[in-house]
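Single-structure report; data block below.
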Amino acid sequence: MMKRSLAWYKVTYVLAILSLIGIFAVNIVGFVDTETGSALGCGHDWPLCNGAVIPHVWGLQTLIEFTHRALVGVVTVLLLVTSGLAWRLYRAWREVKATIGIAVGFVFVQAGLGALGVIYGDPAWFLAFHFGCSLLAFVGVLLLVVVLRQIGRQIRDKDARDDVSTVVLRRPVPKGPFTRGVWFTLIYMYVAMYYGAFVSSTGDGSGFRGWPFPTEIHSGQVFVVDIIHRAVAVGLGALIVYLWVLAFRMRKDHHDLFVGTWLALVFVILVAFSGATLIWTNHAALWAFLVHVSMVTGLFGSLSYLGLQIIPPSNVRVPRSQKGAETPRTSSIGEQV
């Protein structure tokens, strides 16, 4: 039973990793699609491309848009298979059901928004909303991978207790400044992402000059937008430093939270410098834009991981007939993902 359980776990976990890579690729190609003006590379047709399943006439914009649509289809099928396996095997954990719901739900929302944009057009607010949903889809898959890895540590533990085991994936975190800070920072981060995406979609971002201080003082509205954008970014950085300080104080009992805040701190620094690179290249380098949004994705993912870790864990109680096969003892907090 142990070998069989472990084999199914490995299959599910590998599929989850592939789904995570796939959804990241979908988002990256989607960003390329938007930045290169290729969203209408298949015309206003959906799900067809220029009136055909496979277009007869190809150009660069058509290739980008068609690749994006094909990736969405393949990754959606992969995610559904992964989610079905994870639900069947590990639905006893509410974390599995919740992350599947977020991942699958926002993948379909993301696809629907893409279709609406092709048919009816993409105003700036709509593109920003689409960007937010794409990151929520990514985070849903990321957290599913994290939860499956935590479950896997339990399955591989051959020293299961002889009694009926209560399996807890992480140590409970007392409510206090840290938990409140994580939720506030997550909301703040999402608003900051929406504002940044909106600024980029309106074209104001291409007018940003100077770093670390803006120099487009005579640009009127663009200067004001830039000041707000940078102030929001500084506020986000301050919040993450605050979380790191709190996590440092409880690092012995909650090493996972300390690691998570370190990741967030590293990513927020990378977001700042990738934003500076965008300005230094006068917003003309596609690679700089892709690096920037990738760092934003990593930052949101690390904060979402903290959000997962502070949620009260679900206790899964398994009958004696399954002990040793599917319910090893709780792993130490230092071993958690």
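Note that Cβ sites are derived from N, Cα and C of the backbone, with glycine treated the same way.
Annotation source TrEMBL lists compositional bias 'Polar residues' at 328-337. Per TrEMBL, region 'Disordered' is recorded for 318-337. The transmembrane segment annotation in TrEMBL covers 12-32, 70-90, 102-121, 127-148, 181-202, 222-245, 257-280, 286-308.
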Would the transmembrane segment (181-202) count as touching the transmembrane segment (12-32), i.e. at least 3 C-beta pairs under 8 angstroms with sequence separation of 6+?
no
Short question: most Cβ pairs under 8 Å with the transmembrane segment (181-202), which of 127-148, 222-245, 257-280?
222-245
Per Cβ pairs under 8 Å, the stretch of 70-90, 222-245, 286-308 packing most closely against the transmembrane segment (127-148):
286-308
Residues of the parent chain within Cβ reach of the transmembrane segment (286-308), under 8 Å, 6 or more residues beyond its termini:
24, 27-28, 31-32, 35-36, 95, 135, 138-139, 142-143, 146-147, 182-183, 185-186, 189-190, 193, 196, 240, 243, 257, 260-261, 263-264, 267-268, 270-271, 274-275, 277-278
Quick test of the contact rule: Cβ under 8 Å, at least six residues beyond the ends. What residues does that give for the transmembrane segment (222-245)?
178, 181-182, 184-185, 188-189, 191-192, 195-196, 199, 204-205, 207-208, 212, 214, 216, 261-262, 264-265, 268-269, 271-272, 275, 303, 306
